[in-house]
């Protein structure tokens, strides 16, 4: 089964993801590629554990989904999302039995180490999400990455490193076979939590609200020149806003208003916003529609299943700011 971001709860529960097998262990695989690892590994257990796989390649996602279905593994959910987003926002505390990382991108170029997954922040987050007795399992052919990951695990203060032989299934994946044909060896380690910190990053995601009043919005008075029926503007210049940085999130969010359109159905405007928050990107629509009292409602559209995040709220604020710079007066803010 393939999930989009909007299909998840924040956090999730095994009972909802795996209603027929909720009592089984829960395993997360990061970067499953074409799905070769999980079927043989799952079949080493008396009953296949519940499986959540994350991958950034859409082609790999579809290949893996077909492979897992053919292997008779119905208790598997796949998603095309960054691993850190899933672990932070979807996975509840103390729920995972294992996090499996096979042959991750080593980001070998100078200055690219910040792109690596297995760094101190991830290990600290993983320790919070793993059950007692759980572990992060890494298999890689890259010597420097392996040393780096082991050092980061120890530096996290919440993991110990246990060197071991990799699972046999890890040696039959696409990349393992490639490195074996080249005569290269692989490294394997288990990173086992020594503590389960409670000060993990708070969940900041929410599904699109059912109550209209809870949807991020603003109410404005528009000058006559901004009323949709009076607009003569034929070109839209991109408009960028940044913010949201704080100690727990030094990156914050970036909102880019890409374009604006006339809404013929409601005699309003529709803004297309590109929202970037770390590794997560969403494109959302923000409507500007007339109200019976003559004011205009700026509100996040439901279209596309957006997830409510600080950056998505900021998209509504950014549209509001764009209108204010052109003479609009805000009478209410709800974002």
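Keep in mind that glycine also has a Cβ here, set from the backbone N, Cα and C atoms.
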Candidate from 29, 47, 89, 114 that TrEMBL assigns to the same S-adenosyl-L-methionine site as 55, 105: 29
For the binding-site residues 29, 55, 105, 141, the one whose C-beta sees the most other C-beta atoms within 10 angstroms: 29
Check: same-chain CB within 8 A of S-adenosyl-L-methionine site center, minus 29, 55, 105: 30, 31, 32, 33, 53, 54, 56, 60, 83, 101, 102, 104
Rounded Cα-Cα span from residue 141 (substrate binding site) to residue 105 (S-adenosyl-L-methionine binding site), Å: 10
Largest separation between Cα atoms (Å) of residues that the record links to S-adenosyl-L-methionine, namely 29, 55, 105: 14
